[in-house]
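Engineer: Sending over a structure as structure tokens; questions will come in a sec.
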Amino acid sequence: MSRVVVNSIPIAPQLAADVDNLRNLVEKDFRRARKHLSPDTIAHGPRAIHEARNKDNHRHHEDGSGSTPAPASGKAITVDDATVTYMMPCIIGGSEYSLLIDTGSSNTWCGANKKFEPDSSCESTRKSVNVSYGSGSFTGTEYTGTIILGGKDSALKLDKQSFAVASRAQGFGGGMDGILGIGPVDLTSSTVEGMSSIPTVTDNLHDQGLIKTECIGISYNPTQSNGTMANGELMFGEVDQSKITGDVTYVPITSTSPASKYWGIDQEITYGSSEKMILKQTAGIVDTGTTLIMISDDAFQAYQEATGATMDQTTGLLKLTNQQLKNLQSLNYKIGDTTFELTPNAQIWPRSLNNALGGDADSNYTVFASMGQISGIGLDFINGFTWLQRFYSVYDVTNQRVGIANTANTNAETN
């Protein structure tokens, strides 16, 4: 395992000033959830990708031999906590961009706020690219060229990677230059003119022999301030054992659609020592591009009833009194044969960010929102950024599975 440590990009001023993004957080996550549920998503998910790849005999290799180069060990890249998501610095065309890390989409692109200036490695295919995320969208042109994941101090260099350059982008703040798409490759279907799909950066890392297993391990940390801190990690190719406590629990990609089109899993959620049922075992997704923890409307109502929380109209989040917070119990997430504990502390929005959210400085807001429909439609939850800050997650295309593990942050007291 090799470790690449990079300098963080200073995007804190934008986030601190872009208050509307935080105040509209629930609405943005809701629109993204509706997009995930959209019937026009035609992806088939990691399981189908793996099976199709076994039949694919025309992948290109840099040595021209048709054989995969000898694989390298995993590559770790330090990434930036940008308050409501994580960002990775990437060099594209000789310039450095800050890209949102998204397991819920698969196109990589830049140019939302910083002008693209191609270098000699970049070549336009002249194909148009159009992608909608529900909470935002972009239109642009496809290029191929060199991308250095992690920025100028990184050794993780991809050649001939497809990426897009935006000519128009909506819903992206001044510090976010685009997206690093690390979802299933089929999510690129119909996004590039005339192309059935476009290999993701993870695909090409594997095909170019830079990683031995096509997987990504993600380590996030609880947010404690409104600004940027280089305190997360993406490990390409293997699990970083130093980031976890205990073993990784692996579960197969769910067979339930539409969750199966993404990094979908089956899970059950209960509340407290009495194990009050919040959400019976059902399918949903793990998604770095969603900030909150989204659950079906009936689960949201059950959680509200169990906690006694009331809806705060200003923030759109549930609000707990100090006494209700004192009585708050853990949520039990049963994934495979393992129960993961989301502690009371982990259920509360960071108080230091209450003002930026548009709330009261001393109030207690939860990190849950409703998906707007009852359970049973095939995508009943989204374990977003605030959930992932407490656990280690693994996205494994090679073995068609998702892994979850406890970390030192699982029981951390951050509020």
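Every residue number used here counts from 1 along the chain in the order it is shown.
Keep in mind that glycine also has a Cβ here, set from the backbone N, Cα and C atoms.
Curation does not apply to TrEMBL; its annotations are automatic.
Per TrEMBL, active site is recorded for Asp102, Asp287. Sequence annotations record features per position, and here TrEMBL assigns compositional bias 'Basic and acidic residues' to 54-64. Under the heading domain 'Peptidase A1', TrEMBL lists 86-405. Per TrEMBL, the feature region 'Disordered' maps to 54-75.
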Engineer: What Cα-Cα separation, expressed in whole Å, is found between Asp102 (active site) and Asp287 (active site)?
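Structural biologist: Cα-Cα distance, Asp102 (active site) to Asp287 (active site): 7 Å.
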Engineer: Tell me the Cβ neighbour count for Asp102 (active site), meaning other Cβ atoms within 10 Å of its Cβ, over all protein chains shown.
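Structural biologist: The answer is 24 other Cβ atoms.
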Engineer: For the domain 'Peptidase A1' (86-405), what's the model's average pLDDT?
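Structural biologist: Over the domain 'Peptidase A1' (86-405), the predicted model scores a mean pLDDT of 94.
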Engineer: Show which residues of the chain containing Asp287 (active site), separated from it by at least 6 in sequence, have their CB under 8 Å from its CB.
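Structural biologist: Within the chain, Asp287 (active site) has Cβ neighbours under 8 Å at His36, Asp102, Thr103, Gly104, Tyr262, Trp263, Ile382, Asn383, Gly384.
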